[in-house]
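Feature annotations, courtesy of Swiss-Prot:
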BINDING   Arg100, His127, Pro128, Cys129, Gln130, Cys260, Arg288  carbamoyl phosphate binding site
BINDING   Asn158, Asp221, Ser225, Met226  L-ornithine binding site
Amino acid sequence: MENLLSVKDLSKQQILDLLALAKAVKANPAEYSQALAGKSIVTIYEKQSLRTRVTFDIGIHKLGGHAVYLDAQNGAIGERETVKDFAANISRWADAIVARVMSHKTLEGLVEHGSVPVVNSLCDLYHPCQALADFLTISEHYEDVSKVKLAYIGEGNNVTHSLMLTGAILGAEVTAVCPRGSSPDAQIVKQAMALAEISGGKINVTDNLDDIVDYDVIYGDTWVSMGDDTPLAQVKEKYMPYQINKELLIRTGIKHVLHCQPAHRELEITSEVMDGEHSLIFDQAENRMHAQNAVLLTLLK
């Protein structure tokens with residue numbers, strides 16, 4: 001593994017190795033406290049962030065490395081100076097680049113023109129670090145992730161894409177339950193289905209909640225992406241039937257709940273569920289750091 005732009009570039013064994021390493025780092029942090037000693041990692045943010053920024057900054061520190069934070073400064077990467085020059089400069093100083101960007105093409109440019117590993121910490125198409133943290137969390141409760149049935153509910157987006165691709169590679173069953181007109185990208189769904197054929201997994205897209213009865217895990221996300229100015233009344237009309245609430249858990253028999261956050265309580269998920277016995281949401285947030293640490297250790301070993 002030279003970079004992490006999308007989980008589709010990883011094999012099943014590489015994903016399992018990352019999950020195993022994440023568990024090892026989580027269980028024995030002192031053993032890895034100097035693993036990145038002398039390493040400097042530039043973290044770039046074109047989009048706002050809480051969990052991504054804090055977990056990368058603290059995670060790198062816990063591994064003995066040094067994180068250098070860059071915000072959007074005078075605009076997106078490539079506006080003030082070319083992506084080529086940006087990547088070439090950063091590569092002379094830093095040992096890796098972690099980038100949360102508007103466009104996947106920016107990440108591809110950083111890889112093309114830079115000479116250090118690049119990690120996608122979110123783009124318009126994928127959120128691979130989130131998906132690794134999600135399956136790390138699932139693996140803490142299910143010994144064989146290939147037997148897990150995971151339902152994503154809400155708007156098809158970058159998180160959905162990475163969940164489907166990761167589940168497909170691992171051989172799990174992943175169903176995206178989205179209102180009509182909000183399905184995941186058709187080409188990425190096609191890629192996930194092809195990967196699932198190889199692994200024995202299953203990928204589904206539906207708008208019917210009855211299709212996820214007897215699933216193991218349900219996964220929520222915000223109904224409104226950053227920068228979306230759709231009136232709340234319209235959003236609620238479209239998505240409220242897909243709210244994750246106690247009634248839905250009873251109806252489907254689902255045991256565990258995930259949400260990548262930020263969560264809008266009483267919209268896509270109720271406080272009763274988010275703070276309840278079925279919720280793994282804050283374990284999931286913690287696991288962002290451990291999964292990302294595993295990625296950095298693998299890239300910089």
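Cβ atoms here come from the backbone N, Cα and C positions, even for glycine.
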Cβ-Cβ distance under 8 Å to Pro128 (carbamoyl phosphate binding site), same chain, at least six residues away: Leu4, Leu5, Ser6, Val7, Asn120, Ser162, Thr166
Separation of alpha carbons, Cys129 (carbamoyl phosphate binding site) and Asn158 (L-ornithine binding site) (Å): 11
Nearest of the binding-site residues (Arg100, His127, Cys129, Gln130, Cys260) to Asp221 (L-ornithine binding site) - Cα to Cα: Cys260
Local Cβ density at Asn158 (L-ornithine binding site) - other Cβ atoms counted within 10 Å: 25
Proximal but sequence-remote residues of the same chain as Arg288 (carbamoyl phosphate binding site) (Cβ under 8 Å, at least 6 apart): Arg51, Thr52, Thr55, Cys129, Gln130, Ala133
Shell list (carbamoyl phosphate; ref centroid = CB of Arg100, His127, Pro128, Cys129, Gln130, Cys260, Arg288; cutoff 8 A): Thr52, Ser121, Leu122, Ala131, Leu132, Ala133, Val159, Ser162
Collapsed DSSP category at Gln130 (carbamoyl phosphate binding site): helix
Residues Arg100, His127, Pro128, Cys129, Gln130, Cys260, Arg288 binding carbamoyl phosphate per the record - widest CA separation, whole Å: 15
Secondary structure of Arg100 (carbamoyl phosphate binding site) (DSSP, helix/strand/coil): strand
Neighbour count (Cβ, 10 Å) for Cys260 (carbamoyl phosphate binding site): 24
Sparsest-packed among the binding-site residues, when each Cβ's other Cβ atoms within 10 Å are tallied, from Arg100, His127: Arg100
